[in-house]
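Feature annotations, reproduced from Swiss-Prot:
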CARBOHYD  ASN306  N-linked glycosylation site
CARBOHYD  ASN331  N-linked glycosylation site
CARBOHYD  ASN684  N-linked glycosylation site
CARBOHYD  ASN862  N-linked glycosylation site
CARBOHYD  ASN925  N-linked glycosylation site
CARBOHYD  ASN982  N-linked glycosylation site
CARBOHYD  ASN1272  N-linked glycosylation site
REPEAT    63-72  repeat 'BNR 1'
REPEAT    454-464  repeat 'BNR 3'
REPEAT    495-505  repeat 'BNR 4'
REPEAT    1118-1128  repeat 'BNR 6'
REPEAT    1160-1169  repeat 'BNR 7'
SIGNAL    1-23  signal peptide
TOPO_DOM  24-1362  topological domain 'Lumenal'
TOPO_DOM  1384-1410  topological domain 'Cytoplasmic'
TOPO_DOM  1432-1489  topological domain 'Lumenal'
TRANSMEM  1363-1383  transmembrane segment
TRANSMEM  1411-1431  transmembrane segment
Amino acid sequence: MIPRWLLLTLSLLLVWASHPAAAKGNEPNIVTHELDAPPADLFYFHGTNTILYRDRRSLTAHVSFDGGEEWETVKGNDGTIEGTVDLIWRHPFDDNRAYILGENGKHWITTDQAKSWRPFQVDVLPFASMRSFPLEFNGWDPKKVIFMGLDCTILGCLPQTFYTTDDFETVKPLREMTLQCMWAASRPQFALDIDMPKSTGDRILCVVPGLKGPFEHTRTERLIYSDSFFKDDAEGTEAKLDHGKPLSGVSLQIRSVSKYIVARLQSRGTQEQALYVSDDSNVWHRAEFGKHRIEEDAYTILESTNYSIQIDVQTTWQDNRMGSLFSSNSNGTYFTQNIEHTNEDLNGLVDFERVTGIHGITIVNTVKNWEEAKKSDSNKKKLISSISFDDGRTFQPLKADKDELHLHSMTTYAALHEMPLPDHRMFSSPAPGLVMGVGNTGGHLEDYSKGDLYVSDNAGLTWRRALKGPHRYEFGDQGGVITAVLDSSQTDKVQFSIDHGKEWESISLGQKIRPLFLVSTPDSTSLKFLLVGTSSDDTTKTLMFFIDFDGLHERECGSGDLEEWTARLNEKGEPDCLMGQKQFFQRRKANADCFIKKEFAISGPEFQLCKCSAEDFECDYNFVRSEDRKECVPAVPLTPPAGKCKDPSDKYMGPSGWRLIPGNACIREGGEDLEREIERSCSNVTGPPLITDGKPRAGKPQTISAKWTNYFYLERQASNNGVDETIMMLTDKYELHVSRDHGRNWKQIHPDEKFIEMVQHPYFSDTAFFLTDGKRVYYTINHGDSFHFFDAPSVPNKEYIRKLAFHEKFQDSLIWIGHKDCEGKNCRSQAYVTDKRGASWEPMLIGIADGGCNFGYQEGRNNSEKLVICEQYKDEEKNNNRQLVISDDYFSTMEVKFENIARSATKNGFEVVAWYEGDQKEYLNASVSVDGRTYANAHFPFNIKVPQYTVLPSSPHALFLLVMVNGGGERSFGSLVKSNSNGTYFVQSLEGLNVNDRGYTDYDELQGLEGVAIANVVSNREEVLNKGAAKKLRTMITHNDGGQWMLLAPPSKDVDGKNFDCSVTEGKGTEKCALHFHGYTERRDYRDTLYSGSAIGLMLALGNVGEHLTSASEADTYLTRDGGISWTQVKKGQYMWEFGAAGSVIVLVSDRKATKVVHYTLDEGMSWHEFQFAEKELVIDDISTVPSDTSKKFLLWGIDGGKRVIVTLDFSGIWSRDCNDDESDYYNWAPTHPFQEENCIFGHVEEYHRKKPAAECWNAWREPHIHSIGRNCTCTRADFECDYNYEIQTDGSCGLVPGLQPQDHVAQCSQDPDKVEYWEPTGYRRIPQTTCEGGLLLDQDVSKPCPNKEEEYQKKHGISGTGLFFAIVTPIAVAVAVGWYAYTHWDGKFGQIRLGDSGGSQSWLSRDSMLVAVPVALIAGIVAVAQSLPLLVKSLARSSSGLFGRRGMQRPYATRGSFAARRGDYSSVVDDEDELLGADDFDDEEDQA
């Protein structure tokens, strides 16, 4: 018998022997490396122990093939990699590939996990931005890569995109001017479960500038794609984002999310954005978020699944950011809110993570005290943690024993600069069920330093504290080993656990460090770990520790050491179903004394199918969840089957609104089936009117209890969600009203307030402010859907100073100008600023003058976001001069730019200030700035004195000013002057511009048609000046931005087919017979325009045909369909008009005459219809619609018996469909110029999509849609205007102003330091917008080198030895060629270049006159030879560059972005100091275009 004491001893020995492995006396293996700098871009090749990282300091790459124990420097076959490594980029979908991006265009690729590297060349700088990365990968084929780069010169950088389909064996350019590109198949999951053609694998989507180019002030971006790398069509195919139509916006970005592609679009004029989602890149749907708005930088796309997109939508705009978490249905269209008040930081990062490998488990942090945090940023957010086990449908607190646990997440680690490495997580790993985090128990999350390390081995259901204090942690051996290191500035040990974090042992590092990161292989199967930190003794020293737990010598686990673990449990503790299946894992038991030791081999989950339940269904297309989330209700009108619903009481079988979630694996037999059709009532069928009878409808006249009203629309942009058409109205009784349905119903806002003013935000059309008679200001940012208020820092000023000023970029930034010290006599105006929409204010300046203050930010202005420009009285006293002051810090410091100004103004990117020299105030000086800081004096023609001027609407390329010539009240007129591109040199564009006694002028710039303007001039100026005669007005039109003006061509017949009283010259206006219009100075409402921004080419006007403009009572109504070239009379008498549905309908109503009918046209004025809108006649004084003219609804504003009335008109019942985006409903229309052939405008051909007049559908374009920008045209007279000190002569040529000298063009060299040459004045200069090439180059005659640029000039224009033969032969050839050319092409007079086409008139000096032709031919040839020979000797002596340079053949251009004003395309024999036969450097200019 064995003694009992021996049995006890043996039992104790067995217990001791089974203790965790560390007790065996074995230690993990540790190897220490000292690095020059912390590793950058570190990553593991999946399925290996190979690690790659970059040393920022030495520009080297380092690789380890054994998990970090040994390292070597990557040198490449020729050693060129070392010292040139800028970036390391891993392939996200291929375990073998990685890329080293180097300097000078040389890069390397590995396809064998860094064992070897092959160089490739792309001669641009790798480019990363908020839009895209330098490399964009194809998820279907790892060999296909897009390379995003920048091509930089001294003039700046332009994006360049390349692609490869063979691992960079060959690299080809993709397309010019791409802002972002990606493969449609950017993820392996793309088009999952969809049968796609093979060509889809080559499809590339690119965001590119709008066809107007990237540098316009109305810059737009659009999305295009190609399946052939844009080889067949450089323009590609435009993606039809919105109901089968393309869309463009001020900002557009694309990205891939799981199997989806998401396009984010923002329109100009709103911060609201639209998300468009596609799962095949062909069909797109707008994502719907119910009443929530998606705003700029106000949403985050989170880690998503193959059947749903997760998005966090920001709901607060203070520093205390919060949001709401949404999940989409399977096609990404309709989103449902999962949880509110999620925690965000200012960078948009969200406390959100999905547990790795387990479907449906999510951990989020929300704000507990959200109400207090929303009120003030001073109330610190209190965060609490929640977990969902059912894909976000429900959430519950995390529990540690009985206490609630809260964990630090993404925002904390971002603030600590401790974000996880790529492929690594914050909480979880592929180790089944193991989750860890740093946090605390209690009411809410405390500071990170107060947190402890917690662990859960059941996927977050329950937690326990593992270690005290915050730790970095990592998993290994599929959870068999957990390592942790204290996250402090001084720690010298690593702790580890081999029983799921219950027991911990420690290993000494031998020195104290501050850990930077602790990692292992991304699949958590390895026993090798890497710890990187900085030395506590020397922070410049970086240490890397390789830790191998294979040194513990644990045995390999057998089947008895494993357990089956259920991923999710329901409330009953039973395995739960998600997407139709239960999920199970095999994992090591917590107390098993073994390691799995299967590196890179993860046993996947096992699934068990479930019967279908309600959770397996989602809302079908065009259905959305009800508010209680129990039903799917129609999102669009339902259409019953044919023959059904003859009576509202009928019923029919229709769709249930549900469908099985695609990819759901549930068993239908015996389960729920929500897809079955259900019985629906015909009384619930909604939609367009059942009767589409082709007639408009009118509402009953509504009486408003006010004598007068002021109103404006809050316009919806393309990216705005919803369908409301909102009008704000202020009455003479200080009442504020809003209508959200275009005037049918009205609601008074805050009846207890006295509103004195409405102010619409000039840059955001959904925003407006409403001032009371006190400090309170109400506002809306969502088209009047809701109203909020703030208290201004003072009462409004009463000095005609604009009370509010707005920021072009930041909607919440405002300047308020109120009164200060108004209790006594020293009442002054003071400016305040807020960046938080009035939540708090900072005082800026006292003594603000009439011009007020403005934000100086404009798109394209660098470092101008806080620039403010103010007019202020010197020393803050009103009796002193006004000065212009600027500041970049809200006037903590300021700079005085001008000490004695009249006024300042901002227009189209120019800052203009009028100032006096000394004490004289008879004439004004002007200075202009394009950056808001540096002002240059404006130079006016010397024959124009400037007593007063007005800044007019201008193109983005030039500044137009009206300079007063005669200030005699009703007899006032002035000169229209136009600047060069930087606003400093002005030339006279039009003389005698009509001005009224209030300083307004008859000048209209037409929106949509670039360069077209209409103006009225005083034709009898001498009589007005000398005899006091009444003004006689004529109407002029320009089609090239003021370069040329012409009289309007009258129609040949009136509307009744009768002749006019004067003799009409077909297609041309003459001094005796032309068409003249009443202009801007005669309008009651300056918002009324001749044109529509969305109805390209259409205009209406009131006027008469004759020698001059007659009285308004004699005016008739005229219309043009071709941008003002030809006109037709459409109605006798005076009418008011509005355009609707982008020109699909035009409505006319008699102007202030009793009437009860309107007239409308559906075919651009070719035929007209009459509609009676009321039973009795009303006097209508206004007709209105939304400013974009895209609505089918209108409002008539009138008077009935002294009372104000409004009548609504609705034309939506005329047609039932929108136009199809194809040739059946649209045609391509090109604007034309009356002086140019081939439809050339500004040197190129421009085509627009335009609705066919006969198409019975609604034009749904919100703005003119450009079809294409075609080739560049050759230059003609229409591409030039008169140069400085030159003016248009009576015959149309440009002549020197008497007594003046031409401007010395050498000044251009100092304005552009990179300029090599300049041209002597010819009297002409190119219009800034033109892109013409070659042809008639009126601004080029004699070329001169810029000072100190003689050598560069010689290189550009010199002749090389190889060109000797041509140089000798050329003078002789020139003599013959010039003579022959002069004979065959001579078409103008000696000494002048004429107005019109390149040709002149047929006269005795025309080319057909032998009197001219033969002498010219002979003289031209002799002179050419005589001048060439002596110059040839000098040229040969100093030439060193090629005769022909690199010019080559010119190519047509398909995008405006590649257009450039080509100067120097032709050279001539020049003066002695110049080169002979200079060859222009065409290619150099093209590179800079």
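Placed from the backbone N, Cα and C atoms, the Cβ positions cover glycine too.
Neighbour counts of Cβ atoms within 10 Å were compared across the glycosylation sites ASN331, ASN862, ASN925, ASN982; the minimum falls on ASN862. When the glycosylation sites ASN306, ASN1272 are compared by the number of other C-beta atoms lying within 10 angstroms of their own C-beta, ASN306 comes out lowest. The distance from the Cα of ASN331 (N-linked glycosylation site) to the Cα of ASN982 (N-linked glycosylation site) comes to 50 Å.
Here the CA atom of ASN862 (N-linked glycosylation site) lies 16 Å from the CA atom of ASN982 (N-linked glycosylation site). Reported as a whole number, the C-alpha separation between ASN862 (N-linked glycosylation site) and ASN1272 (N-linked glycosylation site) equals 31 Å.
The secondary structure of ASN925 (N-linked glycosylation site), as reduced to three states from DSSP, is extended strand.
In the three-state DSSP scheme, ASN1272 (N-linked glycosylation site) falls into the strand class. On a Cα basis, ASN925 (N-linked glycosylation site) lies 66 Å away from ASN306 (N-linked glycosylation site). With helix defined as DSSP H, G or I and strand as E or B, the repeat 'BNR 1' (63-72) counts 0 helix, 3 strand, 7 coil.
A gap of 39 Å separates the Cα atoms of ASN1272 (N-linked glycosylation site) and ASN925 (N-linked glycosylation site).
The secondary structure of ASN306 (N-linked glycosylation site), as reduced to three states from DSSP, is coil rather than helix or strand. The repeat 'BNR 3' (454-464) scores a mean pLDDT of 92 in the predicted structure.
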